[in-house]
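Engineer: Structure incoming, see below.
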Amino acid sequence: MSEPIGIEIRNLYKIFGPRGADYVDAVNRGMTKQELNDRYRHVLGLRDINIDIPAGAIQVVMGLSGSGKSTLIRHINRLIDPTSGQILIEGQDVVGMTPQVLREFRRHKTAMVFQKFGLLPHRTVIENVGYGLEVQGVDHAARDKVSMRWIERVGLLGFETKYPSQLSGGMQQRVGLARALANDAPILLMDEAYSALDPLIRYDMQTVLLDLQKEVRKTIVFITHDLDEALRIGDRIALLRDGQVIQQGTGQDIVLNPADDYVANFVQHVDRGKVVQVGSVMEPLGINGTAPAMMVKSDATLTDAVRQMMAKGVHFLEVQDKGGKPVGRLSLERAISVAAGAA
Amino acid sequence: MFDEFPQIDNGLLRDLKRAIDEGFRAFTRSYGDAIETMFDPLRHFLNWSEKLLTGTPWPIIILIAAGLAWFASRSARMVIGCVATLCLIGAFGMWDDMMKTISMILTSTLMAIAVGLPIGVLMSRSDRVQAVVNPVLDVMQTMPPFVYLIPVVMLLGIGKVPGLIAVVIYAIPPMIRLTNLGIRQVDGEVLEAADAFGSSRWQRLVKAELPLALPTIMAGINQTIMMALAMVVIASMIGVQGLGQPVLQAISNQYFTLGLFNGLAIVGIAIVFDRVSQAWGRRIQKHRGGHHV
Ligand SMILES: Nc1ncnc2c1ncn2[C@@H]1O[C@H](COP(=O)(O)OP(=O)(O)OP(=O)(O)O)[C@@H](O)[C@H]1O
Ligand SMILES: [Mg+2]
């Protein structure tokens, strides 16, 4: 199994159009996407993106349609060339790679899942799953062995000789996922991989991904415009607007401290009780004399804590860190008011 | 005043035509033999395929045709129709001519594919190439075939090879156009996927672009075959043997029935080729719909 590796995106700009590089300065000085389009007929794709994605983390990128999510993720394996900036992976700048080096990099370091699946319609499931290995030159028998393992893992056993058009959307995306995983690349890029699926299947596929991540631990960049999905899946979330990162941090950071009205609007309908962890809203120990009888781990959600208090009929919980050391306390009142968005 | 269009001075015009003709003749004198030798392998191949088709006993040919029709369509009706057409043409005394024509069609189609496919691929790669090739194809398709028979005959004389070349020139445009179109229409996300997994350009072409464009390319091959058949009569003017020659005789001698029989035989072959190749095309794209169940 490959070790996870991190991704550092530095000062990344993308301006679509024949003379994009000429306008980086202007954009830098504050020209907006609208102005750039009106005055110079160039489209601002990305502006000064800086994101550090730690090895083994799931980084979610969110934003409305046209905010530049697809553009951003396609820079990581250079399906799109940037106008300026760097993408550092294992100390190597993807932007400077020669075509051969880039090809090897794509074969062994990254794998991608697409919104509309991007499967080869003339190939069966097993031939699609083995595509990455085939391109690498792995022989037929070895390829099929690995493919079968992943086909089984994503729950498609028995469908390996079917063609994509014979499968439902959810099943096709399982093929897309298996194809990406069969590559055993440390970086997994998912561009709205689940957006085309209906809610139940989508939830199902999120579970598949989270379970897999416990086993194989990859660095995953996951694009979505669904906040619930982002909060469920993402270790970290970056919010894009008009090609710019307007906030990045954990799901809790964004829900509890939205950077501006745009973000606040985005998160206002979230069920905060399911997102916010006890540790981030607890009060210091010992303001109130009586020691709580029950305790809760600091990474439990508020909803869990409230449920526990209701069940036991208590009004306070002691909050403990991972080692079991008491670090604070939580009152029922505070838990409910934060969860309801009142605090 | 306006009765006559002001035209270039007659003498000048004559000199111009003469100069071009002289130039081309000179070119023919110095390079004609070399060019003829260049096409030698083609002549050998043509002779070989003609001998193969006319030399093979007819029951075997019928068997092979039935087998091909079955392989392409998996339909008994298609096989019966195909065999019946061949037998009927044979019964009316046109078996040998039919074999010669089929040999010509197969060879010219193979050549049209061999030349047209790479050109179509190049065209799909670059808008500039497309902008150059498209008008050339337009000219090829609208220029009366008799016109380009002239230089071909001047260069290579009368015979099978010049006939083949004339047929290929006439029949190749749809092959090129539909290859280009087919590749340009391939779903962008599938190509992105091919790239994202590190395909080389060649792998991308043979594993993704061509297979996905295949239904369109097949339509191009089908049209090429039909056009080649249509050209067979004209090409017989410069020595291509087969079903075209009797038609030519029929025109000059006013033998209506002879012309009709051979004409109908050509139609029969066209229908067989068309139906069989289309059935095959449908069969290979059964799973390509891309729609969900
Ligand atoms: N090849 C291109 N040429 C010009 N403009 C482009 C190109 N690709 C993308 N854009 C523009 O860049 C911006 C960002 O597009 P992008 O596809 O990255 O958005 P997105 O966030 O993925 O949106 P969606 O949610 O609809 O997929 C848009 O304004 C789009 O019009
Ligand atoms: Mg997108």
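Positions of Cβ are set from backbone N, Cα and C atoms, glycine also.
Summarising the annotation, TrEMBL assigns domain 'ABC transmembrane type-1' to B:98-277. Marked as transmembrane segment by TrEMBL: B:52-72, B:78-95, B:102-126, B:146-172, B:224-243, B:255-273.
Looking at the shown structure, can you explain where the listed features end up?
Structural biologist: Residues 78-79, 81-83, 86-87, 90, 95-96, 99-100, 102-103, 272, 276-277, 279-280, 283 of the same chain sit 6 or more residues outside the transmembrane segment (B:52-72) yet have a Cβ under 8 Å from a Cβ within it.
If you look at the transmembrane segment (B:78-95), the same-chain residues 6 or more away from its ends with a CB under 8 A from one of its CBs are 58, 61-62, 65-66, 69-70, 72, 243, 246, 261-262, 265, 268-269, 271-272, 275-276, 279.
Note on the transmembrane segment (B:102-126): residues 42, 45-46, 49-50, 52-54, 133-134, 160, 163-164, 167-168, 171-172, 175-180, 182-184, 205, 209, 217, 220-221, 224-225, 228-229, 232, 235, 240, 242, 269, 273 of its chain, located 6 or more positions outside it, place their CB under 8 angstroms from a CB of the stretch.
Counting only same-chain residues 6+ beyond the ends of the transmembrane segment (B:146-172), those with a CB under 8 A from a CB of the stretch are 24-25, 28, 32, 35-36, 39, 42-43, 46-47, 50, 104, 107-109, 111-112, 115-116, 140, 224-225, 227-228, 230-232, 234-241.
Sequence-distant contacts of the transmembrane segment (B:224-243) (same chain, six or more residues past either end, CB-CB distance under 8 Å): 94, 97-98, 100-101, 103-105, 108-109, 112-113, 116, 145-146, 149, 152-153, 158-160, 162-164, 166-168, 170-172, 174-175, 262, 265-266, 269-270, 273-274, 277.
Taking Cβ pairs closer than 8 Å, the transmembrane segment (B:255-273) reaches residues 69, 81-82, 85-86, 88-89, 92, 94, 97-98, 101-102, 105, 222, 225-226, 229, 232-233, 243-244, 246-247, 249 in its own chain, all 6 or more past its ends.
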